[in-house]
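Marked as region 'Disordered' by TrEMBL: 251-274. As annotated by TrEMBL, transmembrane segment applies to 21-45, 65-83, 95-116, 122-146, 158-175.
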């Protein structure tokens, strides 16, 4: 049984924004349980998206199962307190909105395409919703900021790839879970697009992260990168056509100035900031846990 000190330690450092979003997820789940008809209007149902276009936005914040609500809430609070202090509240909100909306659009297009190919109406009328697409995007953010940080001897740069592999394996073993896989895949890709090309960096007044360590091929094993790079370069030209590459240094530039992330020194500093922020947060949580334990030991003696 968890003690109040454990709960306090977990919530310490969690920002009001993340707590507010967690409240939205929990509140949305209870609304669905009390009024099941709300799923029709808030979840993404491709056949009804044209009149109910707002479900492209609301679907991402609607958890239909208690397990989904629990996992999404814990994931948001844990990953949010790592990323939001480094990105800032505005960029954090923009990231969530962009990933959620683009993921929903991609799922809608995919479902309509599958219907025309297979003529199975299940693709049109299955209610799809959940925060798991944004959670997969948070893992991409962790990969960018602290790629060499290890958890269970696994480097953070492999978290998104491992998540996709494990999710695919689960879907093969449990076909009922396959409806979650497109959201995870599109959430991962949408977040990479935002961080790679669109995220603004206040310290440089430029945007994106064109470093080789965050290239699309970095999600794949080394031996596959020669195959992935030519394909990814097509999308790079679509999203990043205004950037030019120096023939001498092969580094990205914008009007002659190197872009943030293309410089190995800048990339190293970004990793150091991410690792330092993580260490400081873990130290603060350990201190809060120790103080809470001391208070709990002190209270019985005070009541004697």
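A Cβ is built for glycine as well, from the same backbone N, Cα and C atoms used for every other residue.
Against the transmembrane segment (122-146), stretch 65-83 has more CB pairs under 8 A than any other of 21-45, 65-83, 95-116, 158-175.
Long-range contacts of the transmembrane segment (95-116) within its own chain (CB-CB distance under 8 A, at least 6 residues past either end) are made by residues 21, 44, 46, 49, 55-57, 59-61, 87, 123-124, 126, 128, 133-134, 137, 141, 182-183, 186-187, 189-191, 193-195, 198-199. Sequence-distant contacts of the transmembrane segment (158-175) (same chain, at least 6 residues past either end, Cβ-Cβ under 8 Å): 136, 139-140, 142-143, 151, 181, 184-185, 188, 219-220.
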